[in-house]
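As given in TrEMBL:
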- 17-298: domain 'NADP-dependent oxidoreductase' (DOMAIN)
- Y49: active site, proton donor (ACT_SITE)
- K78: site 'Lowers pKa of active site Tyr' (SITE)
- H111: substrate binding site (BINDING)
Amino acid sequence: MGPTIKLSSGYEMPQVGFGLWKVDNATCADTVYNAIKAGYRLFDGACDYGNEKECGEGVARAIKEGLVTREDLFITSKLWPVFEDGDKVEPACRRSLSDWGLEYFDLYLIHFPGALKYVDPAVRYPPGWHFDGKSQIVRSSTPMHVTWAAMEGLVTNKLARSIGVSNFQAQLLYDMLRYAKIPPAALQIEHHPYLVQKELVSLCKAEGIAVTAYSSFGPASFLEFGFKHAEAMVPLMQDELITGIAARHGKEPSQVLLRWATQRGLAVIPKTSRPAVLAQNLECTGFDLEQDEIDKIFAKDMGIRFNQPSNYFDTDKMWIFG
Ligand code: NAD
């Protein structure tokens with residue numbers, strides 16, 4: 001087992017894991033199985049990724065063949081905003097557990113703050129952002145403290161060992177910390193040299209909240225959506241500073257990007273299905289960057305966020321109902 005991060009819940013979370021967003025259904029079971037074989041123990045899934053059944057198949061095969069036990073693995077899933085009403089949280093978690101074929105999640109996160117109107121899984125699953133499956137964004141009136149109390153119920157009922165949040169900013173975390181009986185164990189955020197989130201990471205350190213970085217390669221993950229602000233950026237793996245540091249250490253640029261985050265104490269969850277790259281990404285903690293290299297990477301910060309919900313909406317046509 002590689003390096004781990006101790007969560008406030010008392011459980012250990014592997015520092016390097018495997019991200020499951022956009023892993024297509026046809027190859028997902030094999031990808032998860034191969035990643036376990038390559039040594040990955042943390043898998044970062046979500047209802048929204050639409051592949052939880054296939055992820056579970058990969059896990060089941062690895063367990064059946066004796067590669068790992070359930071206890072060796074650390075499996076994360078996430079609550080989608082249409083399930084943030086208090087009485088919808090546990091059924092949503094149970095649906096994800098049943099798709100994975102698991103009895104508990106190691107970590108269950110609120111995927112995004114801001115409850116949306118409930119969509120019955122019988123109507124559409126995963127539900128996506130739009131109430132009608134096309135263009136309507138419809139708010140629910142549920143405030144965060146109600147959702148969080150239901151998340152705490154998942155720990156009480158042993159459906160989740162640790163609970164946390166994703167895509168939350170400092171203000172909402174500060175608010176939650178005032179009422180949470182179980183404080184969030186982890187925060188998952190977009191994090192790369194174009195978005196370094198210094199203050200948010202400091203706040204989490206001070207409050208004992210583990211931080212997981214997603215989209216560690218920055219714009220690379222968002223080109224397929226045709227995002228103009230992703231296309232306009234120099235790809236981080238071709239950036240002169242990053243390739244220069246990589247050459248100096250005899251490493252890949254991708255490993256420098258992952259090491260910069262892990263040396264900051266963050267967990268990372270890169271995704272790839274290429275076997276050589278799988279191993280490379282997992283081996284990103286076996287060397288250290290110099291302080292001046294770390295500082296130079298920090299200096300690339302531009303505050304650019306690619307995974308903004310509004311980037312996925314046609315805001316001209318979007319209707320918001322209270
Ligand atoms: P990523 O940064 O892991 O990958 C981006 C692209 O880089 C992919 O196309 C991948 O094939 C490629 N890649 C991976 N390793 C490489 C390497 N060593 N060399 C060259 N190319 C490489 O992007 P991501 O998928 O956006 O983020 C990782 C994970 O984070 C996701 O799979 C998901 O689990 C999680 N995530 C969470 C949220 C959230 O809202 N909580 C949002 C986005 C992603």
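The count begins at 1 with the first shown residue.
Using N, Cα and C of the backbone, Cβ positions are placed for all residues, glycine too.
Automated prediction, rather than curation, is the source of TrEMBL annotations.
Under the DSSP three-state reduction, Y49 (active site, proton donor) is assigned to helix. Mapped onto three states, the DSSP output places H111 (substrate binding site) in coil.
Considering only the recorded positions K78, H111, the Cβ with the fewest other Cβ atoms within 10 Å is that of H111. Cβ-based neighbour count (10 Å, all protein chains) for Y49 (active site, proton donor) stands at 20. Recorded residues K78 (site 'Lowers pKa of active site Tyr') and H111 (substrate binding site) have their alpha carbons 5 Å apart, per Cα-Cα distance.
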